[in-house]
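What Swiss-Prot says about this one:
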- 60: active site, proton donor (ACT_SITE)
- 10, 31, 58-67, 121, 183, 192, 212-213: substrate binding site (BINDING)
């Protein structure tokens, strides 16, 4: 698995994506999320892949197992490197997602890695307990979902840096801990509640980090990406 910082292409459309990517003269690991995918469809994935970039397709599927199986079977044909579902969909749904990817991956190609979202990094413990009616601490909920994800034979989870070490202890070092909410020191948190710096995420046990506005909103995105990469790889 590519371990470069994952750049979140959280742009409204194709033009903005390629205006941003033209600044870079190296293969990147990028995230295509719901906003961009819903505007541009699967073609945006194909076009980004044609430029030589690895793609994390961040659609967070959460539906009945049969529907998720069929959706993943289709997504596997796009040649993405990493995809995800919501762990709250349950073990049968996660297993169906994995089966769909295996069924849809073209012969001779590597199946995309599959991970599950535990709790969104925008979710606070109070919000989880009052709105989701989960009578656990936030970390206990995340660890529960991580165990469930591992039982379903997925490759890892999306989590905040605050749970990464505990997940590694429970699920093993090879179990991916993909961490969004990454900011440079002094950067705004925006709508994320549980955030960290790249070097902080490394210390706390993240396997992969997802960086958005710290780079995409920078006056010099290439320089910002270099700083993020150096902090992450130090």
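For all residues, glycine too, the Cβ spot is worked out from N, Cα and C.
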Number of Cβ atoms other than its own within 10 Å, given for residue 212 (substrate binding site): 20
Count of other CB atoms lying within 10 Å of the CB belonging to residue 62 (substrate binding site): 17
Which same-chain residues, if any, lie at least 6 apart from residue 10 (substrate binding site) yet have Cβ under 8 Å of it: 31, 33, 35, 36, 212, 213, 216
Coarse DSSP state, helix versus strand versus coil, of residue 212 (substrate binding site): coil
Surrounding CB atoms that lie within 10 Å of the CB of residue 121 (substrate binding site), all protein chains: 23
Residues that sit under 8 angstroms from residue 65 (substrate binding site) by C-beta distance, when 6+ apart in the chain: 92, 93, 95, 96
